[in-house]
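Under the heading domain 'ATPase F1/V1/A1 complex alpha/beta subunit N-terminal', TrEMBL lists 66-128. Summarising the annotation, TrEMBL assigns domain 'ATPsynthase alpha/beta subunit barrel-sandwich' to 169-257. Summarising the annotation, TrEMBL assigns domain 'ATPase F1/V1/A1 complex alpha/beta subunit nucleotide-binding' to 275-499. What TrEMBL records for 1-37 is region 'Disordered'.
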Amino acid sequence: MTTKGATTKRGGCVMPIGPAEKRAAQQRATKQSPSERQKVKIFLKPHQKMPPTTREYVKESQYGFVYGVSGPVVTAEKMSGAAMYELVRVGHSELVGEIIRLEDDYATIQVYEETSSVTIGDPVLRTGQPLSVELGPGIMGSIFDGIQRPLHDIAQMTKSIYIPKGVNVKALNRSKKWEFLPRKDLRAGDHVTGGDIIGIVHETALVKHKIMVEPKACGTVKFIAPMGQYTVEDIILEVEFAGSIQKHSMMQIWPVRNPRPSAEKLAANYPLLCGQRVLDALFPCVQGGTTAIPGAFGCGKTVISQSLSKYSNSDAIIYVGCGERGNEMSEVLRDFPELTMEVDGVTTSIMERTALVANTSNMPVAAREASIYTGITLAEYFRDMGLNVAMMADSTSRWAEALREISGRLGEMPADSGYPAYLAARLASFYERAGKVKCFGSPEREGSVTIVGAVSPPGGDFADPVTSATLGIVQVFWGLDKKLAQRKHFPSINWLISYRWKLWNIMRHCVWAMQRMTGNKQN
């Protein structure tokens, strides 16, 4: 509702009040203590009462106030000076939101949490920063929600199975210390640029976490920390540039909607081996490629995604559960620690190379979009270390449904099946962040991000707008057949409709890799 005048809450709804009721409420408020007065759900016009605040030390100009609420979409007033995709805190609970539209003095906010407690007149705090993720040691083996809040830490803090509204927990552990090994050839007086590796942290037995200079930083080294135990906030590098000293820790902050830069885009030609003969032989994917797995309910999309996470020849796995059932994520948490692989004679769990981003079907719909961008940003970060990363998105159809709901709330013109007209552009901007690249900085290294996106068309109809838009983007199409699944033929790949673009580019590398695995490599 977008009523701008005085309101009250009756029966769970925000409703206008009359002059007599307003005077009675004001008389009651004057007899109450200041703490009790804040509990009175009465909001006057802006010239009669300033918007309430949530933090005393924040300037008044950083606050707007709620003008209207429509599900996950909140309209705020007094938001002049705000920027697109700026992170805001909505209401007294400080719910996480992101500005998605600006018009005059009003801002339309997409809130990533439940908005049932937000009422007209509640404060809206501008942070001045975009929605970002924390990048550093501690990501592998963790499970986050769509906006990178660690679910394990939240469960320990709240002693509850539910996520409280407005909970604010840092993504990376600030107290845990990591063993930092600086580069032997890096000394004070050396010149560094963005992407240079300055040291290594053995995050897990499977992942050597390379500590890099931030992409936009450069200068002359004034201080490099010696080998020792440090937290992610401790200063390990000081760089001088243009007369100023820049201090760097092991943690980086990066906006999720901005792709991380690379020096050069390379042709992907090495196969992504997944252990399924029908896929590796007939429809192989490459490290740095894009793959779609469309199929009806029960065809085995999630099983293939989990199989790739378990057995593929990737260095790191980012598994994003976007809008799917919660028991699928619990299955990953239960099965992955039991699966092991041997590295340098040491047997360890594959969970040590996996990070999970969980935004299940019972979580807020708006956060599904954030979970996709959070996952791809984490994948790009490990790619910049020179690793081959595989990202599983299960499923992109749920993300598209979230876009459809937000678009409907905004009153935008619907396209086919009610999806927004920019659906194909959003999908393309996501899939184009995959690829094999030459990384910034020294030493020279190459990394890749492979995206495997599951698509859930309603009724298994491949003419669905999400499926059609995805097939025009990806390189590999693994089509699942409902009839094969009903006959218990798994994986239910229909080889008559599946395809792989430009197969001849990787046939030589596929044959070489298979011969190497069987020990029969020939010249």
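The backbone N, Cα and C atoms fix where each Cβ goes, and this holds for glycine too.
Source: prediction; values computed, not measured.
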DSSP residue counts for the domain 'ATPsynthase alpha/beta subunit barrel-sandwich' (169-257), split into helix, strand and coil: 0 helix, 43 strand, 46 coil
Integer mean pLDDT for the domain 'ATPase F1/V1/A1 complex alpha/beta subunit N-terminal' (66-128): 93
Helix, strand and coil totals (DSSP H, G, I; E, B; other) for the domain 'ATPase F1/V1/A1 complex alpha/beta subunit N-terminal' (66-128): 0 helix, 36 strand, 27 coil
